[in-house]
Amino acid sequence: METKLYKPPQEVRGMTSLNKEAFTQTITVPALRVPNGVLNKVVKSLKKATIQRPGVPRVVQDEEGSSDFRLVLLDPHRISSPSSFSEGEAEALRSFSVVQELRHYELQLTYHNLKSDEVLEAVLPPGQDVPSGFSRVGHIAHFNLRDHQLPYKNLIGQVIIDKNPGVTCVVNKTNMIDTTYRYFKMEVMAGEENMVAKVDKRKRVTYEFDFSRVYWNPRLSTEHQRVVQLVKRGDTVFDVFAGVGPFAVPAARSGANVLANDLNPESHKWLQHNCKLNKVEKKVRTFNLDGRAFIQGPVKQELPVLLKGKAKVHIVMNLPALALDFLDAFRGLLPQELSCDENLPTVHCYGFSKEDNPDTDVVKRASCSLGFPLKDKCSVHFVRNVAPNKDMLCVSFTIPKEVLFSSDQEKTDPSEEPAPKRQKCEDATDST
């Protein structure tokens, strides 16, 4: 940030209602007087030395009124005297017969010439951190403001709209979370209250959804792509916690047959909408069930036929706060007579970890839920760091036949299994 170039007026400090005129200030910058005939060549040669400001021209009219010359405005942090020019810049000026005599130009900076962090740093109390990062979801900018920033939330929202073309709504996530459908409550800081966002992703996939009523994380695009690339044409994908379709839609577009489920009726509605929007509605069957009910219903019904084929079966479980706990739904899911050794389903299950060794932690918890040791039988992929000392990971593994198949006498619903018969987590994590 060019802190010395722009020194905000003291009266803007503590401002909570945006007054753009209060930021206007006149500063002095160095300039070179350049003949029109070599103007473009000089500007190109001095591109690292000219002033770089939103809305500020690098070339202005000659103050002496000559139509044969223009003034090239320079960055005062780079150029304070003729000796400040680099050897290459000085040689270029000599070759163009430009006199290396610096002039002083009075430049008026307004709110529109300032960067968003400069405005916010000028307003917030000294020493307090400036909200610099936000998530972009279509026309919506999404913040997680800290408590000391809340009094300035409306001003922050307006600044973000002003400085980011295409943003027309700014929201702040509150601490409240919908415990049933796992989406965060949010409040509008500035702009329109239209929460229906349109997101265009790479490979021409488009999503639409009500951002205030579904879960969507723009930081997971790379992870969505990574998993979808594992899916081949003709494979089957079961998406247990599908949301609005970031795994299901591209998987269907790649030629897979998809069964996608989400408990949130709003997510289910937009999932169906996005399948139609991307013309894959014939490749995707959607369900509005609890994740465990989806596994023990549609997944259980479809697997017997799929296991006899050669196409792969992928089961995606992207609900990192809870998904590992749902793995017990696979215990004894199919009868023993269907047991096989080939083409068993591959699970991609997400989880959070705050442990010092997060890979070991998620494998241990997955093993505990399955009732079977996964050590050396799975892979763990680091997805992202979501908070200090909190990582998101994906553990992928083939469901062991010892877990998937049961004899007639065994329970197929883990929740009905008597406690003495449930394998202890300590035993499940053994590598023996």
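Cβ atoms here come from the backbone N, Cα and C positions, even for glycine.
What TrEMBL says about this protein:
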BINDING   H224, D262, L263, D290, G291, N318  S-adenosyl-L-methionine binding site
COMPBIAS  408-432  compositional bias 'Basic and acidic residues'
DOMAIN    134-401  domain 'SAM-dependent methyltransferase TRM5/TYW2-type'
REGION    406-432  region 'Disordered'
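Taking the features listed in TrEMBL, we show where each one sits on the structure.
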{"residue": "H224", "record": "S-adenosyl-L-methionine binding site", "Cβ within 10 Å": "21"}
{"residue": "D262", "record": "S-adenosyl-L-methionine binding site", "Cβ within 10 Å": "30"}
{"residue": "L263", "record": "S-adenosyl-L-methionine binding site", "Cβ within 10 Å": "20"}
{"residue": "D290", "record": "S-adenosyl-L-methionine binding site", "Cβ within 10 Å": "16"}
{"residue": "G291", "record": "S-adenosyl-L-methionine binding site", "Cβ within 10 Å": "21"}
{"residue": "N318", "record": "S-adenosyl-L-methionine binding site", "Cβ within 10 Å": "24"}
> Max Cα-Cα distance in Å among H224, D262, L263, D290, G291, N318, the residues listed as binding S-adenosyl-L-methionine?
Replying inline: 22
> Mean pLDDT for the domain 'SAM-dependent methyltransferase TRM5/TYW2-type' (134-401), as a whole number?
Replying inline: 94
